[in-house]
């Protein structure tokens, strides 16, 4: 099953390579990895979605812990947390269906960020299932291109 | 005090107790070599950087302190890689220092530029690319701390040449504060209590120790536990000698070429206590058949080893010596007479045996053991001779066998023996090697001579790569491919060219006398032993077989 790991790391050169390299050489599957600075510029947070059974996830966590620049690892899969992804997608749209597409986008609380004669570009955020739903819904219109981020996660306040 | 980066590096090394560096100069380390002239640190010039890394490894294994090697950028750095991988696999404390092209040229594919921190990332405990000269004191402090604490391992420091030349004001070494590194030393008290209950309830216990046992107080605690609760002890290759092999409770080596009785004991045990061991495939055989009648207690300082290779019933994360001391405090005296009786029967029925009608490696190693048992440190290369040394010498002390276990790195022996002899100048250091292995790092004879190291080299020559030949014997229907060394140099003449005293052994009869004379010689010697290539290392556990299916010599 998919697990979401929230990993705080020291913001040192090469840390991304160390983490990614660890996954590659031990044969773990990264579904997505998002990394950015936190409120403390010396510390970055990585949100890593990894596929595997409990034993594999335990190994992943332990091996990550061995990296000297890794400070903390939380498996927040079963925790109360907020998860978000962002998607940009350009959909075929001409005069006949543009209004319909805009309405569909509205339903998903997506925003139109660009428009041309033959297409519209839509921006949406949400958890993984919402992003999947958006893709499914727009596919019949013809998706020319899309780009999506990995998952960003944060524990809910207690 | 104003110093340049190179001087600061050496001062920080000195402050960390470094008195010897194994190295090879080059363009990107010129400032360090210049500073070495004014430093009390003794630089040992090797003949190839791989030799420097292995020598540092041998030095660390024999002294218990981190070994230090030094190389220039590019090819110097890549030549270290095999030695770093070897130290990583065997958890050996090592600090490798490389020069790098000047900061302004990094990333331009400059002459002798390689990304050595990138190349070594999977085989290193930690690495630093020093970008500012003021980082040097802290980086060196951290490197030694990381290399030698917790689960030890190699640490790399890559320093661009301009950083070595930049001035800084030296104001001592900083306190170590590494936020993401807090190894656990003390075992969890509840888990230790559980372990004691399991030991007390056991009727057929076995202790399996690995390289984690080789720390100052752990072997004494191991001895106490084994005696108090009467538990037989088997070791992995890394821990040979951690428990005296002449003791009744010793089962010797476990695994692929372990003793039949160690393998049978583990297969029939109801409790296996793994200490500082990673349950590697050469030790366990087929994991589905490994210790299948036993509950397993696993004591290790590295939590990532728990449950990695085999399922564990009771994990204890901590330092082997500390955890064992706690267990010893709580455990009562126990006898397992029926179990010891069973083991004695296995030892009688399935001993270590080999053919006796001609000169063999095993015979020479037994003679060598009898001659030097408690006074020699034995370094080996990799192959059949290595396995026979682990089986037949009978080691008494932890660290008495210095060998490349995890990586199985041919060429390790000679430079490692150099490192051992440098660390222990007054001890008898014997290198056991083969004609294949020694030719991988033969140039290090020059280092041994330059440093006047009185090594005793015992070279078993079968004009073949015996271990690979053996694999082809079992797995390739005896189709021998690429294993015949049909041209070997005249090793005696070669040794003479280096000014080395030489001997040859052709028969069993002359073995003892020649070894006695060679080991009594005050300087470096090479003893060539002429043996047959048609020999197989027994016992043997074949591919995918369990330890309970060990083949022995019949």
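Glycine residues also receive a Cβ, built from the backbone N, Cα and C atoms like all the rest.
Now, the feature entries from TrEMBL:
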type	residues	note
DOMAIN	B:4-117	domain 'Thiamine pyrophosphate enzyme N-terminal TPP-binding'
DOMAIN	B:192-326	domain 'Thiamine pyrophosphate enzyme central'
DOMAIN	B:381-529	domain 'Thiamine pyrophosphate enzyme TPP-binding'
Tally of DSSP helical, extended and coil residues in the domain 'Thiamine pyrophosphate enzyme TPP-binding' (B:381-529): 63 helix, 27 strand, 59 coil
Tally of DSSP helical, extended and coil residues in the domain 'Thiamine pyrophosphate enzyme central' (B:192-326): 53 helix, 28 strand, 54 coil
Arithmetic mean of per-residue pLDDT over the domain 'Thiamine pyrophosphate enzyme N-terminal TPP-binding' (B:4-117): 98
